[in-house]
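For reference, the structure is listed below as structure tokens.
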Amino acid sequence: MLNLFILLLERVGLIILIAYILMNINHFKTMMNEREKRRSQWQLIIIFGCFSMISNFTGIQIRGDEIINGTVYNHLDPDASLANTRVLTIGVSGLIGGPFVALAVAVISGMYRVYIGGADAYIYLISSIFIALISGYFGYKAMRANRYPTIVKGACIGGTTEIIQMLCILLFSDNTEHAWTLVKLIAIPMISINSIGTAIFLSIILSTIKQEEETRAIQTHDVLQLANQTLPYFRSGLNEQSAKKAAEIILNLMRVSAVAITNRKDILTHVGVASDHHVAQKAIITNLSKRAIQSGTLKEAYSSEEIGCNHPGCPLEAAIVVPLRVKNDVVGTLKLYFTNKYDVNYSDKQLATGLAEIFSSQLELGQAETQSALIRDAEIKSLQAQVNPHFFFNAINTISALIRIDSEKARELLLQLSQFFRSNLQGARNNTISLEKELQQVESYLSLEQARYPDRFNVSFDIDRTCYGALVPPFAIQILVENAIKHAFKNRKYNNEIIVKAHKAQTGLVISVSDNGHGIPYEKLDKIGKTSVHSESGTGSALENLNRRLDGLFGYEASLQIHSDHQGTQVSCTIPYHNLEEEKIESNHCR
């Protein structure tokens, strides 16, 4: 029995080794994180199907009470049986991929086991189906909860599934005496091995996923910390002063030897190692930077020759160069240098890419703000381009708080914040955008607000789908929703409802935002949207600004209409109906 246990342990070791190798492949990690998708499940079927085949033909032959340790079995004599790790592969496939994956793997494994033959081979197809159903059930419950079974639960399920196989051998065997002899010999080793193997397999998966989450949390925290400190400088444009301050902050917070920032031609700043010949206000001297600017893609170098610095004895051995963009045009580069090429890792590349995207957004936003002051409708565009700094820092603080608790949620909110600012930037360049884009902006805003105040309010949408292409002023609906969230409910924490509606009428596109809040006092109702109204929760300047934009774009008829009583408030406006496709056709005719 001990000999069989050791031999089975060797077979489990092979499966675990392959699993460990797979969990260090990025594609497999991605597949495990998306295991509920049908494409990933088909891939899991292929992988665990191969595992089950390996388990079958590397089994240990049992003949009576004799253990025969061969190498590979493609066929068994009628009186022989096979001790293997087949149950382990079926069980783990179910715990990871659910019943669909488990049943498919069970059929593959069971049919191949029947093909190999031996005593009562059909039993193992039957037991495989039972095992797949049980493990698949627990795997399905875990997937619904967006998690994996714990190691202890996995070990218990692994042992239970092997017990089920032993019961199937005893119940369905044609030769009860032979079945009892076989079970007495293999039961304890196989139940123990299956339990241990399942636990180890799950521990590899769980530890790898946990390590990935911790790495993402650290990266997100680093990006936020760097972004929070460097954001003010790039709004003023890409110049020597802003570049130097930002580079000094990056050098202090990252494990790099030097940081440089350039425009398309010159070095704006270089701080750290090799600053004696990488001098600001001089032309770019490295070929690597020139290639990054020309191609518009990230470039890496792991030797002085690849960097392309012509200065003799330059101590820089490795570099990451990321382009900075404004309106899809490369305007400069962010460069991270290392004196030891082995210091460069994947996290550094991800961090550099993230910083470059944030810096590019700030440069683009700053440029848009500058340009908006030079064009004819500067007043309207300046109102559109305003970004509430309190909202930004509240969002940053919310994301920072979530990093250690739920890194995946923090990553999603960071993407929503990026989408929010990108929409702000697009709105700063246009008097109107499509209703669909405006609703996307509202959803990004709501994601961030609901993260700050979970379950505080519920927003529902009643939108005529044929109106998605209608043109509306940027941030019009967002301002109305934001106004309702901030002012309608006061300190009420429950049953707060907001309804956003949009439909086409004879008079134009009708947009309304209503709430079930406390209502607006009668004495203030006539002033809202026309002038600043001072109160404990604000001044009403957002509605005033929106009203001014509506008047400027569409005339007095488009002004906000406000109806309020003790049961709630409705703010609406009716604007001329213009479709995005119609605007494109008219634009092409004008050309």
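Note that Cβ sites are derived from N, Cα and C of the backbone, with glycine treated the same way.
Computed from a predicted structure; not experimentally measured.
Annotation comment: Swiss-Prot describes 2-22 (among others) as transmembrane segment.
Residues or ranges marked as transmembrane segment in Swiss-Prot: 42-62 (among others).
The transmembrane segment annotation in Swiss-Prot covers 88-108 (among others) and is backed by sequence analysis.
The transmembrane segment annotation in Swiss-Prot covers 114-134 (among others).
Listed as Cβ neighbours of the transmembrane segment (151-171) (distance under 8 Å, sequence separation of 6 or more from its ends, same chain) are residues 87-88, 90-92, 95, 120, 123-124, 126-127, 130-131, 134-135, 138, 179-180, 182-183, 186-187, 190-192, 194-199, 201-203, 206. What Swiss-Prot records for 151-171 (among others) is transmembrane segment.
The transmembrane segment annotation in Swiss-Prot covers 185-205 (among others).
Along the domain 'Histidine kinase' (379-461), the predicted structure has mean pLDDT 76. The domain 'Histidine kinase' annotation in Swiss-Prot covers 379-461.
Look at Swiss-Prot and you will find H390 tagged as phosphohistidine.
Listed as Cβ neighbours of the transmembrane segment (2-22) (distance under 8 Å, sequence separation of 6 or more from its ends, same chain) are residues 28, 47, 51, 54-55, 58-60, 67, 69, 83-85, 88-89, 185-186, 188-190, 192-193, 196-197, 200-201, 204-205. Outside the transmembrane segment (114-134) by six or more residues, the chain places 56-57, 73-82, 86-87, 90-91, 93-94, 99, 102-103, 105-107, 157, 160-161, 164-165, 168-169, 172-175, 178-179, 182 with a CB less than 8 A from a CB of the stretch. Counting only same-chain residues 6+ beyond the ends of the transmembrane segment (42-62), those with a CB under 8 A from a CB of the stretch are 4, 7-8, 11, 14-15, 18, 22, 31, 35, 68-74, 76, 80-86, 88-90, 92-93, 96-97, 101, 104-105, 108-109, 112-113, 116, 182, 185-186.
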